[in-house]
Amino acid sequence: WLSALESTKWLQHLSVLLKSALLVVHAVDRDQRPVLVHCSDGWDRTPQIVALAKLLLDPYYRTIEGFQVLVETEWLDFGHKFADRCGHGENSDDLNERCPVFLQWLDCVHQLQRQFPCSFEFNEAFLVKLVQHTYSCLFGTFLCNNAKER
């Protein structure tokens with residue numbers, strides 16, 4: 001099982017995301033510099049890094065209300081392609097579009113929450129419920145690629 005996990009490079013992806021978010025945090029907090037974050041297409045790495053940096057910089061986003069605001073602004077309003085990435089949309093057969101981007105981000109949040117449990121108002125059960133409903137299709141929140149479709 002561990003070798004199968006290693007072959008996905010999942011933990012390496014999480015490590016790179018957390019290191020990238022720390023670069024942003026250091027630039028903003030320590031060096032007092034503005035930061036522009038933009039990945040090659042702007043849909044995947046950008047919200048991961050920005051949302052992690054906001055979570056690290058501002059304790060408000062570590063509350064339940066603040067975390068909800070963070071997901072809404074950096075993922076839903078930003079226009080993350082949930083339908084394509086989670087396989088909910090019309091192009092669900094296109095495996096090239098599927099990617100667990102939001103799940104990777106939630107795993108990074110989980111890693112931070114495990115290391116600093118007293119800094120978060122929510123626990124692992126909250127994150128697990130969010131993952132379940134990202135893929136459950138019970139709510140329309142994570143079914144579409146943008147606010148207009150939603």
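Numbering starts at 1 and runs along the chain as it is shown here.
Each Cβ is built from the backbone N, Cα and C atoms, and glycine gets one as well.
The signal peptide annotation in TrEMBL covers 1-27.
Positions annotated as domain 'Myotubularin phosphatase' by TrEMBL: 1-150. Residue counts for the domain 'Myotubularin phosphatase' (1-150) under DSSP, helix first, then strand, then coil, are 97 helix, 0 strand, 53 coil.
Within 10 Å of the Cβ of C39 (substrate binding site) there are 13 other Cβ atoms, across all protein chains. The annotation substrate binding site is assigned in TrEMBL to C39, S40, D41, G42, W43, D44, R45.
Positions annotated as active site, phosphocysteine intermediate by TrEMBL: C39.
Below 8 angstroms of C-beta separation, residues 33, 35, 37, 45, 48-50, 52-53, 55-57, 104-105, 107-108, 111-112 of the same chain, each at least six residues beyond the ends of the signal peptide (1-27), sit close to that stretch.
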